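Report on the structure given below.
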């Protein structure tokens, strides 16, 4: 949607609608709302179960609680705003609200990436150094890792909105998603965005990129340790303790990589692709993570069934 050529001191952005389906957006929001409610229910159940079950008061499950809290925060920072747009046609979002939403999305994603790395290290220590696991990953160490993950996410991604804050926006302000992302907002600025682009790419590579490399390295070491075991049954039993974490890592990184590829190289793709990839990135981890760990963890299954 075109705007005046003069820079606005308080610009508003236009959230992307589903192309060709604007009249049916209220109905299209139903599966989105259902997925959000499923994410809230599933992650809330994980938090309640771990809190109520003393046998789950261990580092791996504390990390799982961190993931659940992050997924709840990320979904809540985006989905209610999308639903208000779909149901009440509230298409405009203020510059300040857009920057805040963008900061929350990128920071929470960075924190989740760090927690996934910590969980990979937990699996590595538990399998490769089982006698030292309790001494290395204590509850106090787990809490410190959580605080470090939060500080890392905030410090790396706080500059993103600050770099966009002084830029003028004097042309089209139509976003390609139903929420605000750094790359999307930056592309609408009518000024030199090289510092913002370089910093954004650097931050992603130093956080998500580095975490992905270290997670892969952890599993290479785990696989080497597992293959040294004599019996195949024992190998499968040990490696099966990593299956849930591997699935959660894939549920986080595959949508992240897909969204990054769409932003960097998909300018000629249909707008619907951008919207779908954005919604997948926000909701897939939040919906799948509690299901994955609920299926793989018998204690969580039993406790949830007792609530029912």
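The backbone N, Cα and C atoms fix where each Cβ goes, and this holds for glycine too.
Remember, TrEMBL labels are computer predictions, not curated facts.
These figures come from a predicted structure and were not determined experimentally.
TrEMBL lists 42-293 with the feature domain 'G-protein coupled receptors family 1 profile'. The feature transmembrane segment is assigned by TrEMBL to 26-49, 61-87, 93-121, 133-158, 197-222, 243-266, 272-295.
The highest tally of CB pairs under 8 A with the transmembrane segment (93-121), across 26-49, 197-222, 243-266, 272-295, is held by 197-222.
By the Cβ criterion (distance under 8 Å, sequence gap of 6 or more), the transmembrane segment (272-295) is counted as touching the transmembrane segment (26-49), at least 3 such pairs being found. The largest share of C-beta pairs under 8 angstroms with the transmembrane segment (133-158) comes from 197-222, of the ranges 26-49, 197-222, 243-266.
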